[in-house]
Amino acid sequence: MSEKELGERESSLLKPEPHHRACVDRGMGSIVSQLENNHGAAVLAYCFSSISMTVVNKYVVSGSSWNLNFLYLAIQAVICTAAIMVMKQMNLIPNLAALESGKAKKWLPVSVFFVGMIYTSTKSLQFLSVPVYTIFKNLTIIVIAYGEVLWFGGNVTPLLLLSFGFMVLSSVVAAWADIQAALNGVGHSVETAAAISTLNAGYAWMGLNVFCTAAYVLGTRKFITSLNFKDWDTMFYNNLLSLPILIICSLVTEDWSSANLARNFPVESRNNLMIGMIYSGLGAIFISYSSAWCIRKTSSTTYSFVGYLNKLPLAISGIVFFDAPVTFGSVSGILLGFFSGLIYGYGKMKQREQSGQVLPTSRPAMSASSQSQKDASNS
């Protein structure tokens, strides 16, 4: 037998038979189909995506010398915009709205609040623990609710008012527990003053974040209908229009010197930080898909309640990954915030039943940071 014939025989032996390949393809297709139709998998994917985004953002901004928040958000916007453009080229997003100057001018004020929202979100996470951040995000719901009363003719039912009371109470309890932990955790007056100053800065950024988030959500509601934007259009315009703002703010307010970059990206954690930034940029895509998947395979009501129930594991993740203090006050604040979310979810469901409305099947998609903190607020 010649070498050529021997090679052809070996090739034919190594090459799988067509029917074998077809069986493998059918088997893989069956597994994917079963996973796609699994209700539990849809819920877990949504929970994992929202929790992981908050954890990753907290990890990136928690470095002892971190001071490049605008740069971080600009990197997120670049990655998210590039991912959307690639998906458009692959026909995964066939009807993405083109960038038009008229639409961009109308959407620009929303993008400004969008930048304010995601920046103050990262600053809040930088100074506050994940459980406290999650609890205080509930206050955004209250501001948005009364904003809807003023500008869109909404109303606040007694059940919603009760949930608002518990939200405020949980925030007070969480803040008190946080301050007590800071006072008891350090022994020197100078260190105590520094710890309290850090918390005060976190609460100030959190207050600004509540305002910016409410302004962004209400502004989105006002303009998204008039511009006929869909989820991907909103995400595309937000990230693209915010990119020059973020870059300019970073160049003007942040130190790009090699020494400062080395402090922000130390050698021992540089690779992990870069992986976290890439994940956070792509995370908005994952959250958008998993949200739609959860709604499609369960129901919009189930999706809404999963968002409120997700507050508990989100708060616990801060304790597990970042050693947030575990005290009676902090646990009480988490449980009160969780309970207030349940009351709010039930109250909204009853309100929709009375008005004959149904839950929306999608929410405005946005960038990685905004997605994670939006899930925390569930506004």
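Backbone N, Cα and C define each Cβ position, glycine as well.
The model shown is predicted, which means the values in this text are computed figures rather than measured ones.
Taken verbatim from TrEMBL:
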TRANSMEM  41-60  transmembrane segment
TRANSMEM  66-86  transmembrane segment
TRANSMEM  132-152  transmembrane segment
TRANSMEM  159-183  transmembrane segment
TRANSMEM  203-224  transmembrane segment
TRANSMEM  236-253  transmembrane segment
TRANSMEM  273-295  transmembrane segment
TRANSMEM  302-322  transmembrane segment
TRANSMEM  328-347  transmembrane segment
REGION    355-379  region 'Disordered'
COMPBIAS  367-379  compositional bias 'Polar residues'
- Relative to the transmembrane segment (328-347), the stretch among 41-60, 66-86, 159-183, 203-224, 302-322 with the most Cβ pairs under 8 Å is 159-183
- Task: Could you tell me whether the transmembrane segment (236-253) and the transmembrane segment (66-86) are in contact, taking contact to mean 3+ Cβ pairs under 8 Å with a sequence separation of 6 or more?
- Result: yes
- Message: If I count Cβ-Cβ pairs under 8 A between the transmembrane segment (159-183) and each of 41-60, 132-152, 236-253, 273-295, 302-322, which range comes out on top?
- Response: 132-152
- Considering pairs 6 or more residues apart, do the transmembrane segment (132-152) and the transmembrane segment (302-322) have at least three CB pairs under 8 Å? yes
- Task: Give the one range among 41-60, 203-224, 236-253, 302-322 whose Cβ atoms make the most pairs under 8 Å with those of the transmembrane segment (273-295).
- Result: 41-60
